[in-house]
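Participant: My questions all concern the structure below.
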Amino acid sequence: MDVFDNLAAGIMAVLTPGNMLLLLAGVMLGMIVGVMPGLGPSAGLAILLPLTFTMDPTGAVVMLAAVYYGAMYGGTITSVLINTPGESATVASTFDGYPLAKAGRAGPALVMAAVGSFVAGTVGAILISVAAPVTASVAATFGPPELFLVVVLGLLTLVVIIGGNRLLGALSALIGFAIATVGIDIGTGQQRYTFGSVELINGIDFIPVAIGLFGVGEILHTLWRGGHLEKLGYFNVSARSRGFWPNKKDYKESAGPIARGSLLGFFVGATPGAGATVASLMSYNLEKSVSRTPEKFGKGAMAGLAGPEAANNAASSGAMVPLLTLGIPGSASTAVLIGGFMMWGLQPGPLLMEQNPEFAWGLIASMYLGNVMLLLVNIFCIPAFASIARVPFRVLGPVIIVVCVLGTFTVNGSIIEVGIMLACGVLGFFMRRFGLNPAALVIALVLGPMAEESLRQTLIISGGSFDIFLERGTSQVLLAAMVVMLALPLAGKGIKKASSTAMARVGRKRRDDTDVDANAGEDREHDKVGSA
Amino acid sequence: MNRKWTAAAAAVSGMVLTLSACGGGADGTSAGGDYPSEDMDWTIAFGPGGGNDIMARTMVDILQKNDLYPENIVVENKEGGSGATGWGYLFGQSGTGYGISTTSGSFITTPLQADTGWEPTDFTPVGLMAADYALLMTAGDGEWSTYDEWVEYAKSKGTVAVGGIGTVNVDYIVQQMVADANGYKIDYVPYNEEGQMQTSLLSGAIDAMISNPGSIMGQIEGGQMNALLFTGPERLDALADVPTAEEEGISDIPSMPRGLILPPDAPEEAQQWWIDTMKEVVTTPEWQDYLDENYLLKDEKWGEDFTAYLDDTQSSFEEQLTELGAL
């Protein structure tokens with residue numbers, strides 16, 4: 001087939017020793033950048049972009065694709081180990097990744113995330129090769145109404161995250177929405193809550209808030225609990241030990257989430273504006289909905305890490321579709337890339353693939369190879385990263401705070417943002433102390449402005465009528481998806497109820513049997529979850 | 001802001017791009033005196049890859065290749081506050097001749113929108129080198145592919161939904177001026193990102209939008225979008241069929257300044273050195289290539305003429321945006 005010839009040619013073009021070195025360097029640089037809290041893929045690309053201006057386009061794009069993936073994965077490492085997402089796309093990875101690390105399973109969590117990313121990246125590269133034109137035509141039907149609905153799908157995650165304590169959860173989300181209103185109002189050009197400060201006219205960025213709430217907040221809370229006095233239950237993380245690699249059950253539990261996350265991520269990633277953050281949150285939401293053991297989510301469910309990780313990685317491949325086929329940047333990272341295209345003398349647009357096939361397919365091939373390289377590098381690096389968990393808290397805590405300050409400052413060189421970060425650290429401590437939900441706040445902060453902007457654009461277009469959501473084809477599909485997503489957990493509850501009654505009936509029949517049988521029944525149920 | 005900190009952070013992030021120009025003195029450009037004798041601190045008020053960044057790096061590249069600046073030029077992106085941070089930093093270097101920055105549209109609009117503490121006219125002008133003009137765009141599959149067809153459609157519909165970047169921006173002014181000239185009404189939909197606006201147009205959510213030739217030429221060539229009207233003084237070679245606003249009877253559409261500024265109260269010697277040097281830069285083939293690739297029109301105004309231009313442009317912006325209720 002033509003696409004496979006093209007892909008093979010692309011891979012051949014990329015497989016030169018020089019390019020492989022660039023790929024390796026890119027992955028390593030990306031990971032280093034990504035491990036800094038606050039610096040995610042888009043910041044990594046922006047920082048390293050000027051270095052590529054003198055390279056040939058293929059070499060440059062090989063390196064940048066590697067940086068992109070490396071940084072994405074680097075963000076996962078901090079999310080899992082120190083509960084600090086490097087960018088909004090890895091917020092969902094903290095929900096179950098950090099509990100896993102706390103339970104001494106940092107190694108399996110990081111390996112599973114790398115495997116999930118690798119599979120998703122591969123699926124993404126294949127989907128780009130075969131489904132780019134179709135996906136692009138779908139992406140081109142996305143106007144403000146559709147974007148709004150996708151963001152609302154992401155916001156549904158709030159329901160899942162908030163869980164039991166509705167009042168405090170809703171309060172947390174409202175604080176997030178409130179922080180999101182700071183800055184210039186896109187609709188009227190007026191300033192909101194900036195108090196005349198120039199630094200605030202672009203709003204309060206998600207990064208300092210997330211670093212403060214998660215990173216610093218967690219440290220303060222651990223101190224308050226007396227965590228620095230506790231003797232660490234050392235766990236061995238060397239690559240040879242059995243506990244380092246994911247076990248069979250982990251793989252089984254993650255297979256479904258990775259597959260679903262890859263597909264979901266790719267298509268959500270292809271829609272301009274929504275991207276990896278919404279994809280990862282939707283994936284988390286979906287996995288909890290379909291899981292037979294939703295109560296494990298948030299307490300260290302492998303599925304809750306593998307799904308979002310696969311989704312955010314597939315989304316970054318998906319974001320390449322509008323970039324390559326329509327010349328439209330769908331995310332912050334691809335917007336930086338498009339700047340790069342122009343510096344390398346390429347004209348972004350629908351003709352890019354036709355006019356520069358070796359470049360476009362080289363990019364796709366380098367995404368594929370970047371994932372392979374990432375997996376290889378990580379097999380060697382994860383033991384080192386995971387050993388962070390062995391460092392006593394009285395040493396690790398201060399180091400994390402320094403890294404948080406440095407990371408925040410590096411993004412924009414703004415001391416005000418460092419102040420915001422530290423203030424959010426204190427806020428994060430009190431939120432934990434009083435049972436509020438920092439994750440809900442951050443999700444509201446990231447998605448709130450997108451929801452507001454797209455809804456206002458929609459209503460300007462429709463003259464204030466909500467009928468516009470029912471008139472446009474893609475909107476109708478999205479509304480239907482939303483209904484399904486809302487109905488799934490309810491249906492799931494029904495199924496669970498039915499199955500537990502059935503189990504109870506079996507149990508009654510076997511009342512005379514031993515307890516061992518009952519345990520066996522439970523094990524079977526776990527297996528079903530994995531293969532679901 | 002503490003400079004040491006900035007430098008340290010920049011080194012950590014690898015953002016510093018040090019370019020050593022190893023030429024022999026300033027003999028090519030005889031401004032006299034001992035300027036320049038120090039490294040140049042070149043601020044880009046936006047992130048890498050954007051229009052302002054590309055222009056600045058092109059200039060630095062030309063200065064370096066032709067050994068025009070005898071010392072090092074240290075380029076640093078200082079984004080934030082729609083340019084307020086970067087230009088604020090330059091404003092803080094008042095009195096020296098060793099800070100420099102490139103300007104773009106936000107140089108005019110950001111001070112209108114927020115209390116930045118500086119005005120465009122506060123800075124020491126080097127010059128305007130090019131101006132950014134806009135295109136009125138529609139989707140390629142629409143029933144209207146020319147300006148006349150568009151006007152007819154818009155008039156028959158009465159009110160059309162049109163897009164642009166931001167509210168306090170030239171895009172809004174252009175849309176309103178075209179509508180006023182033809183007697184139709186607009187619902188102006190402001191966007192934050194070019195990408196979202198483009199898909200919005202393709203999806204049929206909005207009827208028309210404003211864009212710059214540099215960022216949209218690929219879509220036009222691919223037949224995905226139509227260019228209807230160009231706001232520049234003469235037609236673009238690449239779009240010879242697209243009429244200018246002037247030809248359609250709409251005059252005085254503002255443009256966006258692409259120029260170069262020094263800190264306030266920079267020494268006269270430094271200002272003169274840069275004016276002389278940039279006059280040389282704009283004659284290089286590399287500069288012409290940059291203008292061609294980005295579809296910018298040559299528009300040169302040096303020294304005080306540039307300040308006067310900034311002053312005029314800003315007051316006409318303020319007047320028009322106030323009229324529209326955006327300010």
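Keep in mind that glycine also has a Cβ here, set from the backbone N, Cα and C atoms.
TrEMBL labels come from automatic prediction, so no person has curated them.
Annotations for this protein, taken from TrEMBL, read as follows:
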TRANSMEM  A:20-49  transmembrane segment
DOMAIN    A:20-443  domain 'DUF112'
TRANSMEM  A:61-82  transmembrane segment
TRANSMEM  A:109-135  transmembrane segment
TRANSMEM  A:147-164  transmembrane segment
TRANSMEM  A:170-188  transmembrane segment
TRANSMEM  A:200-224  transmembrane segment
TRANSMEM  A:323-347  transmembrane segment
TRANSMEM  A:359-386  transmembrane segment
TRANSMEM  A:398-431  transmembrane segment
TRANSMEM  A:477-495  transmembrane segment
REGION    A:506-532  region 'Disordered'
COMPBIAS  A:521-532  compositional bias 'Basic and acidic residues'
Participant: Where else in the chain does the transmembrane segment (A:323-347) make close Cβ contacts, counting only residues six or more beyond its ends and a cut-off under 8 Å?
Facilitator: 41-42, 45-46, 49, 52-53, 55-57, 60-61, 64, 68, 128, 132-133, 135-136, 139-140, 269-273, 275-276, 316, 353, 355-356, 359-360, 363-364
Participant: With pairs restricted to those 6 or more apart in sequence, evaluate whether the transmembrane segment (A:20-49) and the transmembrane segment (A:359-386) have 3+ C-beta pairs under 8 Å.
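Facilitator: Contact confirmed: at least 3 Cβ pairs fall under 8 Å.
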Participant: At an 8 Å Cβ cut-off, counting only pairs 6 or more apart in sequence, do the transmembrane segment (A:200-224) and the transmembrane segment (A:398-431) clear the bar of 3 or more pairs?
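Facilitator: By the criterion, they touch.
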Participant: Where else in the chain does the transmembrane segment (A:359-386) make close Cβ contacts, counting only residues six or more beyond its ends and a cut-off under 8 Å?
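Facilitator: For the transmembrane segment (A:359-386), the nonlocal Cβ contacts are 6-7, 9-11, 13-15, 19, 23-24, 26-28, 31, 35, 57-58, 61-62, 65-66, 68-70, 73, 77, 81, 106-107, 110-111, 114-115, 117-118, 121-122, 124-125, 128-129, 237-239, 244, 313, 317, 320, 324, 346, 352-353.
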Participant: Would the transmembrane segment (A:109-135) count as touching the transmembrane segment (A:147-164), if touching means at least three Cβ pairs under 8 Å and pairs must be 6 or more apart in sequence?
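Facilitator: When sequence-distant Cβ pairs are counted, the transmembrane segment (A:147-164) does not touch the transmembrane segment (A:109-135), since fewer than 3 lie under 8 Å.
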